[in-house]
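K.L.:
Dumping the structure here so I can ask a few things about it.
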Amino acid sequence: MGCSRNCGLLTGAIIGGVLAIFGGALIPLGDYLVDRTIRKEDVIENGTIAYENWVVPGSPVYRQFWFYDVQNPEEVMNNGSRPILKQIGPYTYRMRYLPKENITQHPDYTVSYMLPNVARFEPDMSVGSENDTFTCINLAVVAAPSMYQNSFVQILLNTWIKSSKSLMLQTRSVKEILWGYEDPFLKKILYPVERKIGVFYPYNGTSDGLYRVFNGKDDIRKTAIIQSYKNKSTLSFWAGQCDMVNGTDGASFPPFVKKDRILRFFSSDICRSIYGIFDSEQIVKEIPLYRFTVPRAAFASPLETPENKCFCTETVLSKNCTASGALDISACKEGKPVYITLPHFLYASEDVSENIEGLSANKDEHETFLDVEPTTGFTLRFAKKLQINLLVKPAPKIEALSKLTKSYIFPVLWLNETAIIDDKKAAMFRSKVISSIKLLHLLQVLLIIVGCVMFLAFVISYCICKSNKLSE
């Protein structure tokens, strides 16, 4: 009888030990199974989860615009006073809802495509209609002296500006300033020029690309990374490393994202590649995510971030490349004096922001972030924010700009391109990815705990029984 009891206790201990060992063995096995599944489903190839969400964004993408309305137009135009601005918005458009075009898989494990540009106004998500008007900078008049610096040409431009009754500031509608309008000054010019102008003109009906990205089939670590843009790996706008097309388009990244990884992505809107660093852990619709934010260093002067030296293309406004927070992208805008900053001049030097009144930068409101699911690398929520500005500069030969006393950056608008995974996609993601991983981890922990408890309980019971038998 004693032998049977002792044998039973030893058997229970052995079973517990086996369960604990099996639970421990499930850890590398489970990691292998997850890795294998992700390597299959993260490939940009027809039939995978990644491909389904890649062809058309898995979440609605919206672009919100806030316009800067000049509160003191007469003082600005007549006295060269500092503009006092008031933001109006948001005016919201649905973007990126058409599938990618000309999708072609290539033998070198890349896939190429064109990204159609389309914008549809969403009145229910806006403060007013597309016909709302505001007082803003005159895009054509202000750009003239930067694009044509010859004195004789400026005298001609002044004649056409005056005959069209154009001024430094103008009143335009939301629709006009975004998507284009026939400019009265440009219509007066005698030689052939584009008569229409707008911040994003032309947009609807155009395409961005050609993009060519790695599909990840041969190396999952390269999934979605851009191999070339418009058939080149560089942009021809900057010098050195700044000119390289780095990272993905931001919609997804190679899987198994770690907190110490720098996520690089390319944006054709700002004509450069940029990056995000880990900021915090987030939960979105019961899905754990890593938040990556674009840091201050990405916009800092070369004094603070030496690798930004090749982004400094002029020395006057940047104070010999010592000012932070403003990026001159005129090289990729056909010479138009366009500058990109963060909204309300977030992270910009005082030299950049001191010429404008009425702005108030707020890190929480104006910072760019991407919330990435670390196992798959999918971006499930993001907010990409930027401000579009024009350089205004004194031009004695152009009457409309003759009152200016110094050159400075004049904000036109700021935007927030944002998306969050919808409920249907979130449920699918939880069931196919998160739930499976959680179940596997739960099984691992459960087997280890139950096995260890059984092993300890039966070993202790065996020792007690053995001790009692010896005392008898």
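Backbone N, Cα and C atoms are what each Cβ position is placed from, and that goes for glycine too.
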K.L.:
With reference to TrEMBL, which of the candidate residues Cys310, Cys321 participates in the disulphide bond with Cys312?
P.N.:
Cys321
K.L.:
Which residue in the list Cys242, Cys452, Cys463 does TrEMBL annotate as forming a disulfide bond with Cys310?
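P.N.:
Going by TrEMBL, Cys310 is disulfide-bonded to Cys242.
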K.L.:
Here the disulfide-bonded residues are Cys310, Cys332; which one has the lowest number of other Cβ atoms no more than 10 Å from its Cβ?
P.N.:
Cys310
K.L.:
How big is the Cα-to-Cα gap, in Å, between Cys242 (disulfide bond) and Cys271 (disulfide bond)?
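P.N.:
Spelling it out, the Cα of Cys242 (disulfide bond) and the Cα of Cys271 (disulfide bond) are 10 Å apart.
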K.L.:
Count the Cβ atoms, other than its own, that fall within 10 Å of the Cβ of Cys321 (disulfide bond), considering every protein chain shown.
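P.N.:
Around the Cβ of Cys321 (disulfide bond), 16 other Cβ atoms lie within 10 Å.
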K.L.:
What is the total of other Cβ atoms whose distance to the Cβ of Cys271 (disulfide bond) is within 10 Å?
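P.N.:
I count 19 other Cβ atoms within 10 Å of it.
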K.L.:
I want to check the contact list for Cys312 (disulfide bond): same chain, sequence separation of six or more, C-beta distance under 8 angstroms. What comes out?
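P.N.:
Long-range Cβ contacts: Ser301, Pro302, Ser318, Cys321.
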